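Participant: Found this in TrEMBL, in case it helps:
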| type | residues | note |
| --- | --- | --- |
| ACT_SITE | Ser69 | active site, nucleophile |
| ACT_SITE | Asp240 | active site, proton acceptor |
| DOMAIN | 34-253 | domain 'PNPLA' |
Amino acid sequence: MPAHTIPPASKELGFFRSSESRDSKYDPSAIGLAFSGGGYRASLYHCGVVIRLNELGILAQAKRIASVSGGSLTTGVLAMNWDKIDWNGKEDHIAHDDDIFENFTKPLMLATRENIDVGTGILGLIPGISAGNQLARSYDKHIFKFLKLRDITDSRRFIFCATNLQSGGLVRMTRDYIADYKAFFCEHKNIKLSEAVAASSGFPPVLAPIRLDLSGETVEAPRHRPDAPAYLRKKPPLVDGGVYDNIGLEPIWKRCGVLFASNAGSNLPLSDSQFRTTMMVRVINAMLDVTVNWRERSLVNMFRNQLADGLKERNGAFWTITTDKNDVAWDGWKASDAQLKTAREMSTRLKNFPHDDQRAVVLAGYSMADATIRKYLLPDATPPAGPPRLL
């Protein structure tokens, strides 16, 4: 199946015109991908999404790939192995299935068999040990093998997102720089990929914060905030990127006209508990749900809005782990209802789930990405004839 041509979005800035009109880097034809948080559930769900994006010829054409939390484990493995993959091996912009399996699917599924959260959280309770930094060490041991962030591919921009507790701002970690628009800009040499992924996926308070040591790096105040205090540029405490934006849209929707966003996060569950001990946790989760819902509605509205030049404000597709299969193109091979249910009910943990459950979540992501993209963007694309190759 050849790669499909995706129509660009409007050249107008639309919703972001007030913030970007002075120095816009917006490209209406650029493809941006966003992968949400949600522990290993998200990592596995997005694994299936990535497989299908490759088959549709979308993945290899992406210019910016942003992620938060569990999604950053998926994109971390992808970024680490990107240059090992022949992205025209099957057809133009489409890698061969075996190439994707060996260099992406297999290492990611093996990575999600590691039990990390409980042991890391316990160690983080010891005075003098940061749970976030311990999480980075676990990632190095089992997955990233001390690879530096500057050593990932430079063929497109991978952006790992975290939240800075000192500034409240979004921290963008890329191959070339680490930046918080409120606090600092750093051209790094020694930061490891494991630290970027741990900062992005360190859910507070159990797995966070990670204290990012910027000593020895080139660090300066942000260009638009030259008076930012010096203490912000030393050892910022970073936590899960989902605290700021649990979908990962912020780094892509101002720059790219074509957006594909995958949300494997779970909403606040119903509860009849009246205990005060759980009240603040539910308050925080309710506030996070509100921010996610706002971003979801804003994205969908941009897909619907037609601007003065007759083109959509943004083009693309958005799906969630709870998207109703009756609302999308549910033909061709698809995950079973039981597998979809397993995916939706998997807990937000970094633990070794049963093998069949892992496969179910991957297949759910694969199916939902396919069905949504063909429903709203590529109706002529051929549906899958069977499941992708998995462990």
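In case you wondered, yes, glycine gets a Cβ from its N, Cα and C as well.
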Participant: On average, what pLDDT score does this prediction assign to the domain 'PNPLA' (34-253)?
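Facilitator: Per the prediction, mean pLDDT sits at 96 for the domain 'PNPLA' (34-253).
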Participant: Cβ-Cβ under 8 Å from Asp240 (active site, proton acceptor), same chain, 6 or more residues apart: which ones?
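Facilitator: Within the chain, Asp240 (active site, proton acceptor) has Cβ neighbours under 8 Å at Gly37, Val68, Ser69, Ala162, Thr163, Ser200, Ser201, Gly202, Phe203, Pro204, Leu207, Ala208.
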Participant: Determine the Cβ neighbour count for Ser69 (active site, nucleophile): the number of other Cβ atoms within 10 Å of its Cβ.
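Facilitator: Neighbour count, Cβ to Cβ under the 10 Å cut-off: 32.
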